[in-house]
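A.B. asks: One structure, as structure tokens, below. Some questions next.
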Amino acid sequence: MIDVKDLVVSYGTATALEHVTLTVGRGELVALLGPNGAGKSTLANTLAGLLTPASGTVSIGGRLALIPEGRQLFPDLTVADNLALGGWRSGQRDPSPVYDLLPRLAELAGRRAGVLSGGEQQMVAFGRAMMSRPEVLVVDELSLGLAPNVTADLAAHLAELNRSQGLTVLLIEQNARLAFELCRRAYVLESGRVVTEGDSAELAGDPRVASAYLGGAIT
Amino acid sequence: MSAFLTYLLNGLAVGCAIALIASGLVVIHRVTGVVNFAQGTFAVVAGLCMSSLLGMGLPHGLSEVAAVLVAALAGLLTGLAAIGRRGTTALSALIITLGVGVLAYAVEIVLWGDQPRSAPGLAGSVIVAGARIQTQHLLVIGVTAATFVLLALFFGRTYLGKALTACASNPYAARVVGIDTRLMGLLAFALGGLLGGLAGVLVTPLRPISFDTDVTLIVNGFAAAVFGALTRPVITLAGALLLGVAETMAAGYGYGSHQLEIALGLMIVVMIVQAGRRPAVTQEST
């Protein structure tokens, strides 16, 4: 579903991703771990078609939606408008299906997105992405700045969508505990390179990954 | 008293024309972040086009609509030059719009010469509360009011209008959901051209227009637009009306040669005040 081969992405002379290769199969839920500055968001933006690779290939086997880092809502517009604009590509402007999935959003529909709490904003970002009826969802830092119970709630929704609708998910995270709980497989990215990959259970037992999870560098 | 009321009503009409120029500046800046210094050119192009079309025997209505559409096309072409290439910064785009304005002088002189041109508008005048006001002034006020209502409905109620607002609000997020921000920017430039053109066809019957009239128009329009921080249409309208009334009063009471200085003075004061407030605003938004 996501097939990235030998991907190189540069900003001017600085290389953000160096020969990254990763795959996410249809219906899989895969994590991408890495510290700040590893190139995670660069990869997310490249998958979403917002950045052009310097070399390598990116192949996406279905409609892709991105929940960007930091929510990135339209703060001056209402929740309902934010959701409606999420359907720009798919042509779906009626947010009812998203309200069925996330009923809290129906209660917030008339509120300006900029005044909501972090958890509510992440829920809007989630709903906005679902408005495009994606087959692949790339989530950039689901847990960033959110209380653990809010993160757990959103993670449960992700897992449910993966189970019930076969939604393919690439979860880009710094929170390794969350990533390993949710995903069977994971990649670890550092300084623009995939340094290790494998089953979540095995990676969780890897001292180098434990070090990264604690915020240290992988050696 | 009736002289005062006459100046006030005429000033409101002048302010409305300024508001149309300023609204074009605001629409383009809101969506693209670019200050379009070619905005006055759109009005000049429309005014000159209209005078030619009427001179060729085309009827009223058709001539005005065609002239406004030409101005919208001029807006689109300016947009293509200013933001057509991805990655052009707002500052570079501003310089490009200045260049477009200067280039337009040459084109206008070739096509229409350097002498001012006028065109007939609505003839006659009406008495309002003892004050005489030209019918053309009433038309300017009516069209401006309708335009601002339509703009508010377009940006507040329509899907396309909200997509344009989204580009202004968070361009990165707009791209994330699949909105082509460059296309939206070009649309904003075309809309800006249309609004400038509307001002041109309304003003030309009131005061003759020539290739360099854009300087007066852009100074006034920019003064009103900075009053609304280049983003808020309603405050821009209020600023434009204030400016129009102040200028007309000055002219009416014998300071006619200082109209432009009033606009420039107001613009400088507003910019200094806003520059002083900016750090607080920046803190709130981060």
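Cβ atoms here come from the backbone N, Cα and C positions, even for glycine.
Residues or ranges marked as transmembrane segment by TrEMBL: B:6-28, B:40-59, B:65-83, B:90-113, B:133-155, B:183-202, B:222-246, B:258-276.
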A.B. asks: Are there 3 or more C-beta pairs under 8 Å linking the transmembrane segment (B:6-28) with the transmembrane segment (B:90-113), counting only pairs at least 6 apart in sequence?
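C.D. replies: Contact absent: fewer than 3 Cβ pairs fall under 8 Å.
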A.B. asks: Look over the recorded stretches B:6-28, B:40-59, B:65-83, B:133-155, B:183-202 and say which has the most C-beta pairs under 8 A to the transmembrane segment (B:222-246).
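C.D. replies: Stretch with the highest Cβ contact count: B:6-28.
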A.B. asks: Between B:6-28, B:40-59, B:65-83, B:183-202, who has the most Cβ pairs under 8 Å to the transmembrane segment (B:133-155)?
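C.D. replies: Against the transmembrane segment (B:133-155), the leading stretch is B:6-28.
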A.B. asks: Counting only residues 6 or more past its boundaries, what in the same chain has a CB within less than 8 Å of a CB in the transmembrane segment (B:40-59)?
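C.D. replies: Cβ under 8 Å, 6 or more out: 21, 24, 66-68, 70-71, 74-75, 78, 100-101, 104, 108, 111-112, 117-120, 192-193, 195-201, 203-204, 209-211, 213-218, 221.
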